[in-house]
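Marked as domain 'Major facilitator superfamily (MFS) profile' by TrEMBL: 3-441. Residues annotated as transmembrane segment in TrEMBL: 7-26, 38-58, 70-94, 100-117, 129-152, 158-178, 233-258, 270-291, 298-317, 380-402.
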Amino acid sequence: MAVFQMPYLETFLYAFIIPILDYMLQKRLHIDHSKTQAAISIILGVHGAVTVVAGPIMGRFADKSRNREIPLVASLLACISGTLMIVCTHSMVYLILGRILQAFAGSAAWILGYATIADTVDQRSLSAIMGIAMAVVNVAVVSGPTISGLLLEFAGYWITWTVPLVILVIDLVARLLMMEASSTHSSPPGTETMKSSEEADFTETTSLLASHGDSRNSPNASLWLGICCDFRVLTVLLLQTLIITVGTCFNATIPLHVQETFGWGPSKVGLLFSCLSLPGFVLGPFAGWLRDRIGTKYPAVISLIIQAGVLVLLGFAGNERVPWLSAQQHGGKVYIASVTAMGALRPLVSGLGPLELTDAVKEHQEKILGIFVPEGLSRVFALMETASSIGMMIGPLLGGALRELFGYDYMSWTWSEWLSLLIGIISDTRSFQAQVNIANM
């Protein structure tokens with residue numbers, strides 16, 4: 001469970017601020033209400049923009065680091081510093097700087113977590129473990145906005161922010177104690193000598209392998225070229241980008257939309273996000289089990305088809321042009337039901353990224369024996385982290401712009417059209433095909 005802690009905390013912090021961001025901007029930063037949607041979009045989009053840059057850097061650093069506890073402790077310190085800046089600031093500049101620190105910490109947490117799972121879990125159990133990982137992350141998505149929305153409305157601003165800070169400090173102390181305990185256990189005599197000898201032999205062997213021809217024709221370059229040109233990998237990255245784009249778009253637009261349309265406050269916004277995420281917590285392990293049995297393609301296609309339809313309905317909920325679905329009639333109930341349906345369908349696609357990328361890497365590794373070992377899996381997961389980060393950057397910015405220019409309904413229908421296009425790509429016989437073979441092993 002320790003491997004899930006940092007992704008949980010990063011997701012918790014990202015989601016925690018969403019219901020209270022409007023309050024912070026208007027009450028503490030004194031930004032006019034007409035400008036809050038643009039400000040929210042920028043603040044949430046900055047997180048994604050930073051992780052686009054941080055992902056590849058963190059992936060390379062994780063591969064070079066022999067002890068993954070040290071990067072995790074460093075990311076915790078950065079996360080605590082960024083959170084304190086966000087809590088105490090009355091300036092938009094320092095608020096953005098705090099989000100930048102949180103983004104760097106979150107990027108390290110995700111890459112190290114995925115790489116550790118892929119390194120230690122048997123391939124046949126990977127879908128189930130990833131399902132559990134997504135369920136743990138969904139707990140963070142549920143608990144973050146729910147806790148912050150309720151506490152802000154009933155306990156006040158400062159008590160609200162005490163919760164994440166206490167959790168971060170406890171986790172930091174626990175990790176420092178674990179590092180101190182592990183350092184007291186010395187290696188058996190001769191172990192370091194054996195490791196050094198093995199590492200020297202390994203380095204010499206890999207150097208000889210890479211010496212045939214120039215670097216462009218090296219096995220390592222061929223491996224990366226094959227991975228980056230793999231249709232399945234490109235499909236996974238596109239899927240990851242679009243799913244995260246849609247999700248973060250709603251993070252940026254739901255609070256203001258439901259406040260203006262239905263008159264809901266921070267506590268109800270937090271509970272609404274629990275409707276979006278709680279079904280994923282319950283169904284995450286089942287989605288992983290289903291992928292182990294029948295593969296990833298068909299659950300993903302079915303999920304996206306239904307999500308595209310739900311997004312159309314979501315755009316109509318609260319729309320005064322449809323009296324039956326207006327805010328005065330059944331719009332609120334339909335909106336909650338649509339959000340809950342989106343949350344129930346997301347587990348069927350949310351865990352595909354690490355699963356398919358791991359399988360693609362192992363498939364290419366069999367063609368070029370052992371050459372991927374020195375690089376590790378962290379860089380591959382950095383590709384997925386970069387795709388997610390692009391979605392986290394595009395979602396709030398584009399979603400906020402669409403809502404302000406054309407309205408919430410047209411924004412929702414636009415995402416429905418994009419999901420429909422993605423369905424056609426995933427239906428291609430080349431996408432996600434190898435995973436079916438693994439599922440039937």
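Glycine is no exception: its Cβ is also placed from the backbone N, Cα and C atoms.
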Whether the transmembrane segment (270-291) meets the transmembrane segment (7-26): three or more C-beta pairs under 8 angstroms
yes
Can you work out the mean pLDDT of the predicted model over the domain 'Major facilitator superfamily (MFS) profile' (3-441)?
78
Take the C-beta pairs under 8 A between the transmembrane segment (380-402) and each of 7-26, 70-94, 158-178, 233-258, 298-317. Which stretch has the highest count?
233-258
Outside the transmembrane segment (233-258), at least 6 residues beyond either end, the same-chain residues with a Cβ under 8 Å of its Cβ set are 15, 18-19, 21-22, 36-37, 40-41, 44-45, 48, 227, 264, 266, 268-269, 272-273, 276, 300, 311, 318, 335, 339, 346, 349-350, 352-353, 356-357, 360, 383-384, 387-388, 390-392, 394-396, 398-400, 403, 408, 411, 415, 418-419, 422, 425-426, 428, 430-432
Outside the transmembrane segment (298-317), at least 6 residues beyond either end, the same-chain residues with a Cβ under 8 Å of its Cβ set are 239, 246, 287, 290-291, 325, 331-332, 334-335, 338-339, 341-342, 345-346, 348-349, 352, 408-413, 415-417, 419-420, 422-423, 426-427, 432
Can you work out which residues elsewhere in the same chain, 6+ from the ends of the transmembrane segment (158-178), have a Cβ less than 8 Å from its Cβ atoms?
5, 9, 12-13, 16, 20, 69, 72-73, 76-77, 79-80, 83-84, 87, 147-148, 151-152
By Cβ distance under 8 Å, which residues at least 6 away from the ends of the transmembrane segment (70-94) in the same chain are close to it?
6, 9-10, 13, 17, 28-29, 31, 39, 58, 61-62, 100-102, 104-106, 108-109, 112, 158, 161, 164-165, 168-169, 171-172, 175-176, 179
